[in-house]
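**Student:** The structure's right below; bear with me while I get my questions together.
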Amino acid sequence: VIVIVLLPMLPSVLDGITIFWVSGMLISMLFAASYHLLLGTSGLLSFGHAAHFGIGAYITAICYREGWGLVPTLGLCLLVSLVAAIVIGLVTLRTSGVQFAILTLAFSMVAHQLTFLFREFTGGDDGISALSPPPLEILGTSIELTIPSEFFRVLAVIVIIGLTMLYLIDRSSLGHVLRSIRDDSIRSQYLGFRPRRYRMVAFALSGTSAGIAGALFVTLNGITTPTTLYWTTSSLPLIMVLIGGMRSFWGALIGAVVYEGLMYLTADVVKGVNIYLGLLVLLVVLFLPNGVVGLRPTLRSLLTRRPGEARERAKNPVPASQPDPGFELEGAHSGR
């Protein structure tokens, strides 16, 4: 609630460059949250999430080039992203595991190559640039979307709505069923659930959310290129989810903040940015397998531990022949 209240006030206290960075961070949070629904909740490792992001980006760029406003553009982007996600899901979800990951990568690479085949629509290598969406009229107020400080408030509202919907899905009965299928699909089938159908719903929702993130990316930057569809773009939400915590919705958001923070701090580094990112991922995988959110239980135990408790345990260890009073075998008091 505090964050929601403070976000609209940021353009009044931050400079334009910082607002631009915070805007990019919000888009990354939506992108990462969409991927969490796929990987963290559903257990589907995708190497082609860039396809959804790029489709949303190119649809938005073409609409802006034709003079469309933000609202109809987002409406068309949502529809096209949903249809594209359903089509891709119908093919890829026939498989699982490594085969699923490779198929999603293949779709992303096909979409990437299509941008070079249809240059008259996509601009080829150069992409579509110099985009200037018309002002957004709300209750008689004109909002210039090309000015980051004015677009920020609109962006914040859209991202908050998107994140809220993804969070509610994650905590809903659909999310619980998806986690059950993720952990044991055979057992879920015995319980009457159809794994492929539920995964199809998750895939469609995830792809649509990523498409909206792509649309916001183009609105903020005023340009899109074939890079938005390349496999390296698919690695970004995966890295964010790994850093924050794969099984946690909030971990995906934290991972996006950490990633964008690293990019901000290393903005002046011409070479070697990926080295820092690679080292960060390496450290997280080796020492924080549950991501940054995995630190919470450790910090909680440190904060709640009484002073000198560790020294007392060291001085008075539990004898090997006696059971730890805090540990109780199942059935010890039931006569079994």
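Backbone N, Cα and C atoms are what each Cβ position is placed from, and that goes for glycine too.
Pasting the feature list from TrEMBL:
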TRANSMEM  17-37  transmembrane segment
TRANSMEM  44-64  transmembrane segment
TRANSMEM  70-93  transmembrane segment
TRANSMEM  100-118  transmembrane segment
TRANSMEM  151-169  transmembrane segment
TRANSMEM  200-222  transmembrane segment
TRANSMEM  249-267  transmembrane segment
TRANSMEM  273-295  transmembrane segment
REGION    306-336  region 'Disordered'
COMPBIAS  306-315  compositional bias 'Basic and acidic residues'
**Student:** Honestly, do the transmembrane segment (249-267) and the transmembrane segment (44-64) touch, with at least three Cβ pairs under 8 Å and pairs 6 or more apart in sequence?
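**Tutor:** When sequence-distant Cβ pairs are counted, the transmembrane segment (44-64) does not touch the transmembrane segment (249-267), since fewer than 3 lie under 8 Å.
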**Student:** The transmembrane segment (200-222) and the transmembrane segment (100-118): do they have three or more Cβ pairs under 8 Å, with pairs 6 or more apart in sequence?
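**Tutor:** Answer no, regions not in contact.
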**Student:** Counting only pairs at least 6 apart in sequence, do the transmembrane segment (44-64) and the transmembrane segment (200-222) share 3+ Cβ pairs under 8 Å?
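**Tutor:** Contact criterion met.
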**Student:** Between the stretches 70-93, 151-169, 200-222, which one has more Cβ pairs under 8 Å with the transmembrane segment (17-37) than any other?
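**Tutor:** Against the transmembrane segment (17-37), the leading stretch is 200-222.
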**Student:** Report, as numbers and ranges, every residue of the chain located at least six residues beyond the transmembrane segment (70-93) whose Cβ falls under 8 Å of a Cβ in that stretch; write 'none' if there are none.
**Tutor:** 48, 51-52, 55-56, 59-60, 63-64, 100, 103-104, 107, 133, 136, 145, 154, 158, 196, 199-200, 203-208, 210-212, 214-215, 219
